[in-house]
Each structure stands twice: as C-alpha cells, then as structure tokens.
Amino acid sequence: MKIISDIQELRDHLRGQNRASFVPTMGNLHEGHLSLMRLARQHGDPVVASIFVNRLQFGPNEDFDSYPRTMQADIDKLEKEGVYILFAPTERDLYPQPQEYRVDPPQQLGDILEGEFRPGFFKGVCTVVLKLFSCVQPKVAVFGKKDYQQLMIIHQMAKQFALPVEIIPGETIRAEDGLALSSRNGYLSAEERAEAPELIKALKEVRQRVLDSNIRDAKTISEIEKLAVASLAGRGWKLDYIAIRQQSNLAPASNEQLQAGDPLVILTAAKLGKTRLIDNLEI
C-alpha cells in the first residue's frame, strides 16, 4: 500500500489507471470502516482510502484536539484489506491557504437535525469531501448509512454539482449488543458502554409502535417521538432529538405522505455522559 500526503503525487499515481473506488475517513478505523473498504472493492479496483481529521467540521467546543488518531494501527488494517493508496494529507497539504470558499448545503437539509445542533458541521463536511473528490477523482465513493443525514447531503451535492462520482451507501455495522460502531465509542466508560445499546433498543421500539399502529397522522408521530425521548431521558440520556422523517428528504411527513405510505427513517442524537452518539433505523 502506498501512503501519500501530496495531492500532485496522488494524481500522478492514479493517472492512467481505472478511476478509483474511494472511502474517505477520519481514521481510528473499526470494522464499520473496513466494511466500506470491502464494499468499495466490489465496485472496482483500485481502492483509495483517505484519513484526514477535518478541522472545518468541528465546532469550537467539540473534540478536534482529542479526536483519536491511530495512524499506524489504521495503516495495518488498510494493508490487510488490500487498499492500494492511503491518502493521508496534512492540514497544510489540503489547506495550503485559508479555506475561504465553502460548500453550504441548503437550509432545509443542512440546518436540521445534526445541522441544528452542530452549526457549520455540514458546511465543513461538504467542503472537505468536494476537495477530496477533486484530489482522487473517484468513480465511486462509499459512505456509511450510520451518518444518514451526511450520506444524503453528499449524494445531493454530487448530483447538483454534476460530479462524475456515484455515491454508494454502506450498511451500519453493529456490535453484538446492537450498538452502532463508532470511533467515539471509545470515550464511553464501562458503565456507559453497558447502557449504550439502549439507544438502538429505543429506536426499535419506535419502529414497532409505528408499524403496529399503522400510523397515518403527524400528531401521533410526534407523540411517539416524545415518548421515546422521555424513556431515554429517564435512563440518564440527554437527547438532542429523536425524529421520524421521510427517507427521501428528511422532512417531517405530512398526513398525506403518511397515508401514501412514504418510507420513513428514525434518527437520533443523544449524549451518554460526555459522549454524543448518533444512530438511525429505517422503517
């Protein structure tokens, strides 16, 4: 596996080859990331992965400085997966001048849910992803469904900018007890880790209530959301949101859309101690 930090060197290595299958990451790799590498390979070699902890998507009180950086362990894992190139730029490589131009997703998608609680997050994500796409020029790029809203925003960005890349969704990988794998799970204490699977259990209960009730009105949807928030809050969680939304655009479903049976997704973000976890479940 070649490890490259310079943009021009990366382009030189990729010139004359089939366009790559690309998986962007922030490192601290786990089985969820590795499953995306395998999915990328199904869409063709060479597979290019990137590791870059992107300052632009962290807020002033978030964990940029403490975000786990495990480069050597990540290299070992990527080599075992047969990744052709690891693109690991420094901040100076990717942002040689201050990044004055940003990609700002539309408010109706970028300022809701995660965007409401992490202002500027998706602007930072879209900016770095567009820049990485420019560097790698991939044929396909794989993003995990665990970051459901991010996946949708990247897909829409690629479509609206007519980027010649297909966005491929990868399924969420979970621990045996159901907790979605995440680099931030390492922040959990032993007691918190034992409690953490209650998040996906709550989403499954929400899904079952929706299915059992054959819900067709927005008021009942709101009541189910409030019940789930109260249930987790009673266990010590601090909820940012539990929201039942349309899969197509993450907007709240109208009565007419509910009656038409439009596909829904449940999304959540919640803090357990100091650790903020996100998850989702399609209905």
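Residue positions begin at 1 at the first shown residue.
Glycine too: its Cβ is placed from the backbone N, Cα and C atoms.
Fair warning: this is a prediction, and the values are worked out from it, not measured in the lab.
According to Swiss-Prot, the active site, proton donor annotation covers HIS33. Applying an 8 A CB threshold to same-chain residues 6+ apart, the list for HIS33 (active site, proton donor) reads VAL23, THR25, LYS77, GLY144.
Look at HIS33 (active site, proton donor): DSSP puts it in a helix. Positions annotated as ATP binding site by Swiss-Prot: 26-33, 144-147, ILE173, 181-184.
Among the features that Swiss-Prot reports, (R)-pantoate binding site is placed at GLN57, GLN150, with the record citing sequence analysis. In this view, GLN150 ((R)-pantoate binding site) is surrounded by 20 other Cβ atoms within 10 Å of its Cβ, with every protein chain counted.
Annotated beta-alanine binding site per Swiss-Prot: GLN57, in sequence order. In this structure, GLN57 ((R)-pantoate binding site) is part of a helix by DSSP. Taking Cβ-Cβ distances under 8 Å and a sequence separation of 6 or more, the neighbours of GLN57 ((R)-pantoate binding site) in its chain are GLY120, PHE121, PHE122, GLY124, VAL125, VAL128.
A helical conformation is recorded for GLN150 ((R)-pantoate binding site) in the three-state DSSP classification. Counting only same-chain residues at least 6 apart in sequence, those with a Cβ under 8 Å from the Cβ of MET26 (ATP binding site) are ILE51, PHE52, VAL53, ASN54, TYR67, SER183. For GLY32 (ATP binding site), the Cβ neighbour count at a 10 Å cut-off comes to 19, with all displayed protein chains included.
Taking the C-alpha positions, the distance from GLY32 (ATP binding site) to GLN150 ((R)-pantoate binding site) comes to 16 Å. For the recorded site, LYS145 (ATP binding site), the DSSP three-state label reads coil.
The least crowded of the binding-site residues LEU29, LYS145, judged by other CB atoms within 10 A of its own CB, is LYS145.
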